[in-house]
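Report on the following structure.
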Amino acid sequence: MDLAALLPALIPSWSSVVLLGTFFAYLAAAGSILPGKVVPGAALPDGSRLRYRCNGLVSLLLLVALLGLGAWMDFLRPTIIAERGLELLSTTFIFSTLVTLVLYAAGCNSGSNSSSLKPHLAGNLIQDLWFGIQLNPQFIGIDLKFFFVRAGMMGWLLINLSVLARSVPDGNLSLSMVLYQLFCVLYILDYFVHEEYMTSTWDIIAERLGFMLVFGDLVWIPFTFSIQGWWLLRNNVELTTIAAIANCFVFLIGYMVFRGANKQKHVFKRNPKALIWGHPPKVVGGKLLASGYWGIARHCNYLGDLLLALSFSWPCGLRSPVPYFYPIYLLILLIWRERRDEARCAEKYREIWAEYRRLVPWRIFPFIY
């Protein structure tokens, strides 16, 4: 796409504002009204715990059903997101920036001493805007951190479904598109089936809410994780049967490692005596799990995530690096995050962490890194 066509397509319209606003309004209403398991979050430094209503799967299925009904009744076009992708991207970016500024202003004016709302100012404006200054800011009773990651995951699926709808009349519904769409649908549905596991992740427990998470959840996840679908709309890739089967194996192995590792960590935090692979867990210093996947590598869940990302891109073939933006970016991000995690854990656990590193020497890739 040339620059002359790109710039006008990026200009937000009132239609994109309405689409985005309607999406957020639905998520806010559905998240508050629909039934779901209420899960207590991790204990905060002041002893309090937030409670999360994990009804994301019900909200997602209802949303897709309503959109399908609307398309069937000719009330809306299923390709509308694919048609307005760039202006939705710029609209969401502007919204993320405004939210970041509001969060910063609200945090600076907060007089709360609770762990969730107490402001943590670093004294550097850029750093405070990027990382945020409050741990769990809320709006009309909605935990924004949990809300934004849910919006990002659902947005990713909606973009993919719209791209899929556009590929049918365009004649681009290839095996590559089917595999990519199938892998993403399974991954996103699995996320919402196990949504309660999100409550024990580092982002929810320890990261403050600033531009890094707001932009990452609302813009980065839906609009960059869907690059493969956009690329397949304009490029025909013929996969061999062997390549398709190999791609499926990579997805399944990645899923097994990713979901298995996260499940073991979540269960261990809830019940430190629960069996891991049929055996009592090996625990270092009474705190760090060194059994199962966590006895193979200190961040084995990252390995599963990388294999899944690779499986999303392989249907696009090898003739262009563009569809591999996601796994390449994810590799860089996870190594950077793993380094941050290592530094924090070394400071927090000290000699316990040194012993854990001795027992589990590999960071992400066993026998490699």
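The backbone N, Cα and C atoms fix where each Cβ goes, glycine too.
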From 9-33, 209-233, the residue range that TrEMBL assigns the feature transmembrane segment: 209-233
Annotated range (TrEMBL: transmembrane segment) out of 147-165, 318-336: 147-165
Highest-contact recorded stretch vs the transmembrane segment (56-76), from 88-106, 147-165, 171-189, 209-233, 239-258, CB pairs under 8 Å: 147-165
Top partner of the transmembrane segment (209-233) among 88-106, 147-165, 171-189, 239-258 - counted as Cβ pairs under 8 Å: 147-165
Tertiary contacts of the transmembrane segment (239-258), as residues 6+ beyond its ends and Cβ separation under 8 Å: 174-176, 179, 183, 186-187, 190, 293, 300-301, 303-311, 314-315, 317
